[in-house]
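Please read the structure below before turning to the comments.
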Ligand SMILES: CC(=O)SCCNC(=O)CCNC(=O)[C@H](O)C(C)(C)COP(=O)(O)OP(=O)(O)OC[C@H]1O[C@@H](n2cnc3c(N)ncnc32)[C@H](O)[C@@H]1OP(=O)(O)O
Ligand SMILES: CC(C)C(=O)C(=O)O
């Protein structure tokens, strides 16, 4: 019998809230961010960070613009304590950054915490205790009053101790840990008691941090919890409402976003969401979501690769290639219709315009990504992607008919290889099919005399042999097709033609693309040359190469 049984679980009850406001709100400004990488992120690692790793991560967080950073749980271990001391003793905390530390509401831990913070200019002491029904009933085996008692004794102890260090600007943060599993009236009751004990005022606010310690519901229910809490807390003007969501259901970012809509001022999280179990709320994703809506995220995330490198180094956890905004593959399209749409939008996009590119929610360059990696080619790709690479990497603007033809050849090749093709391999394939055949018949010299008609006298080398072609027509190409028609003994007609300069400046080259009909057979030809006429002639010769060879036309 399978143990897989949904009846083991209960639905999360809806929140009774009238006339909820949050669904009509929008986020117009970034919340106050607080990074908890060095604490919640650290406590979830197989190997907690060394002091050296913590220093690297702290420097990165400062560089990114975090103004509040939870630097550890100093009473937990010697490295936690030493790191906090190192920050203070080595003057590593910028004046505009406040460090935060976590402690349980237990005397010896609070004493050690305050000891770790001696001499710091500004600090937030973050104290927590569990308040949910399951924790009260099964872990602590305590009544509501006793649980309030733990919080209040913790706040009292902190108040007494910080009073002995008046040179430091102290702030208090209180978390009713496991808030999402706590009855809302009790969450408000315990938080009101903490605010009263601290004697918070609008000038000396307490941070009330409402954690989804475990994510237990859909994000809309969490938003209802936050709105209910904000409406019912006694001294709303004396508290800063902070969120701390976890990702158990995969919605930590959504929950934090809806929680901000519901009235929260502050958000705690980690870079790329490292943290307990499925992780903490990912600040990069939430900040970039704001950015992509035209809201200043107030974090500088432009050097995305550096963020990835430092976080991977400090956590020993690789970043998923599909990670929102920052993963290796998130600006890459393999599939044909995506590539086609991206190519068309990018070619219309003008610098300075509002970003409106299909399949790319933000401009990859904003995070230090280039367009090079956007389009990659495998058997799911189409002509748009192949054309994009030839144009963006090699300046070859293939006409539509040639895009279709060449994409077919690329498709065959990717199917045979059963893998992605590198950009250089696509170029090699193009050369092999088009430009190398042009090289078989090398135009040594040509003379074009112009009067009513154009007279062409061209010398072409094929291996050791030299072929002379003479013809007349309306322009060089027409004259050459006449000469070829005579040599091959069949009609020769150019059905498609386009050309463009290959690079700007005095050393610009021209590239010509032609499609030529020999009798009933169609052949394509491409040539690159320093002068346009030579490029035109060589392209036609490239198209003619197989006909010339099969006609044995290598006569001097
Ligand atoms: C949701 C979160 O992330 S909360 C943060 C969790 N982080 C960590 O736990 C990492 C750091 N923690 C540690 O290093 C250790 O747990 C220490 C040093 C803090 C404490 O260690 P110990 O006292 O040996 O063990 P432990 O954490 O198991 O203590 C549990 C005891 O503290 C009590 N307790 C737990 N949390 C709290 C709290 N917030 N306030 C007061 N008492 C608490 C428990 O009821 C239990 O009491 P009991 O011993 O009478 O049964
Ligand atoms: C201490 C609290 C804020 C916590 O980490 C959590 O509830 O996840």
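Just so it is clear, glycine is given a Cβ too, placed from its N, Cα and C backbone atoms.
TrEMBL: automatically predicted annotations, no manual curation.
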Co-listed Mg(2+)-binding residue [TrEMBL; alongside 40, 244, 246] among 5, 220, 280: 280
C-beta crowding around residue 280 (Mg(2+) binding site), within 10 angstroms: 30
Other residues, Cβ within 8 Å of 40, 244, 246, 280 Cβ centroid (Mg(2+) site): 36, 211, 212, 213, 245, 252, 268, 269, 270, 275, 276, 279, 281
Entry from the binding-site residues list 244, 246 having the most other CB atoms no farther than 10 A: 244
Helix, strand and coil counts within the region 'Regulatory domain' (437-556) (DSSP): 36 helix, 55 strand, 29 coil
Neighbourhood of ligand 2 - binding-site residues from 40, 244, 280 with Cβ under 6 Å: 40, 244
